[in-house]
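**Q** Got a structure here, written out as structure tokens. Questions coming.
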Amino acid sequence: MSTLFRTAAACAVLAGTVLLAPAAAAAPVYHEYVALGDSWAADATLSNISTQHAPLGCAQSAGNYPKQVAAALGVAVFRDATCGSATTVHMSAPQRLPVSINAPQFDRLTPTTDLVTLGIGGNDAGLADAVTGCLTTDPAVSPCQTTWVPDGVDAMSANIRAAEPVVIAVLNGIKARAPHARILLLDYFKGVGDRGCFASIPISDTDTAWIAHKLIELNAMLARAAAATGVELVNTYATSDGHDGCQAPGTRWAEGVIPLSHNPPGPAVPFHPNQLGADHQARSVLAALGT
């Protein structure tokens with residue numbers, strides 16, 4: 001008992017009052033944590049790849065947010081199923097990689113799993129592929145407008161809407177396989193700014209603004225899916241302003257075409273979180289867990 005508390009207690013007794021110290025809320029203790037998701041959950045890397053939990057082709061970073069969260073929580077059992085290019089299909093079906101296969105991600109779940117994180121949906125909507133398709137050598141040209149918004153009809157918005165029921169199905173699938181788990185669904189933080197930076201990311205201002213808006217739509221869909229299934233949404237986007245791929249190394253949390261930051265010891269993957277981005281995701285998850 002601290003000197004301060006003993007003094008306060010003595011004063012209370014002298015005053016004829018019983019002083020009770022408020023009980024501190026203990027952080028939940030988790031024993032079996034499973035991480036599911038795509039390359040933004042794997043924090044895909046070119047050189048700092050870990051194969052402890054998934055094949056080489058998944059490009060899991062040794063410092064990705066699931067591994068950071070597992071270490072911070074001190075869980076007894078940890079399985080990281082995250083894999084680059086994963087879609088909702090790969091939750092229940094194997095993902096065929098160039099030289100290996102990642103087993104269905106749901107295979108890592110058990111009835112005793114008590115914590116699950118999920119990052120998925122970007123590949124289902126096609127947004128990841130769309131970003132690379134926006135690259136151009138002419139800042140006056142906006143190829144994504146031609147490809148995705150022909151005649152003023154936005155096909156990406158339709159893709160995002162179509163992805164909503166399958167994301168909901170994945171969340172329900174997790175609940176069925178791990179009925180006692182706390183489930184956290186992560187959104188995608190800001191990868192590009194509201195305006196372009198052609199020297200670093202050769203995408204027109206028009207297409208840059210379009211990508212930024214599609215990411216907002218994607219995150220809104222994920223929020224709806226979380227609400228529909230009663231799981232928790234971890235909003236990594238809200239606090240990522242000023243850390244997009246147009247910012248200087250050391251400030252940016254996601255990379256541009258040429259990864260100038262690092263996912264130690266080597267470069268990060270273009271248009272993916274670098275180590276600072278992975279750290280941001282980990283902080284966001286731990287904050288949601290109250291740790």
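Counting starts with 1 at the first residue shown.
Positions of Cβ are set from backbone N, Cα and C atoms, glycine also.
Straight from TrEMBL, here's the annotation block:
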- 35-278: domain 'SGNH hydrolase-type esterase' (DOMAIN)
- Ser39: active site, nucleophile (ACT_SITE)
- Cys58-Cys83: disulfide bond (DISULFID)
- Cys134-Cys144: disulfide bond (DISULFID)
- Cys197-Cys246: disulfide bond (DISULFID)
- His272: active site (ACT_SITE)
**Q** In terms of DSSP three-state secondary structure, what is the assignment for Cys197 (disulfide bond)?
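**A** In the DSSP reduction, Cys197 (disulfide bond) maps to strand.
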**Q** In whole Å, how far does the CA atom of Cys144 (disulfide bond) lie from that of Cys197 (disulfide bond)?
**A** 16
**Q** So of all those recorded positions, Ser39, Cys134, Cys197, Cys246, His272, which one's Cα sits nearest to Cys83 (disulfide bond)?
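**A** That would be Ser39, the closest of Ser39, Cys134, Cys197, Cys246, His272 to Cys83 (disulfide bond).
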**Q** Helix, strand or coil by DSSP: which one applies to Cys58 (disulfide bond)?
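**A** The residue in question, Cys58 (disulfide bond), is helix (DSSP, three-state).
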**Q** Could you work out which of the disulfide-bonded residues (Cys83, Cys134, Cys197, Cys246) has its C-beta surrounded by the smallest number of other C-beta atoms within 10 A?
**A** Cys197
**Q** Using C-alpha atoms, which one of the recorded positions Ser39, Cys58, Cys134, His272 comes nearest to Cys246 (disulfide bond)?
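**A** Sorting the recorded positions by distance from Cys246 (disulfide bond), the top entry is His272.
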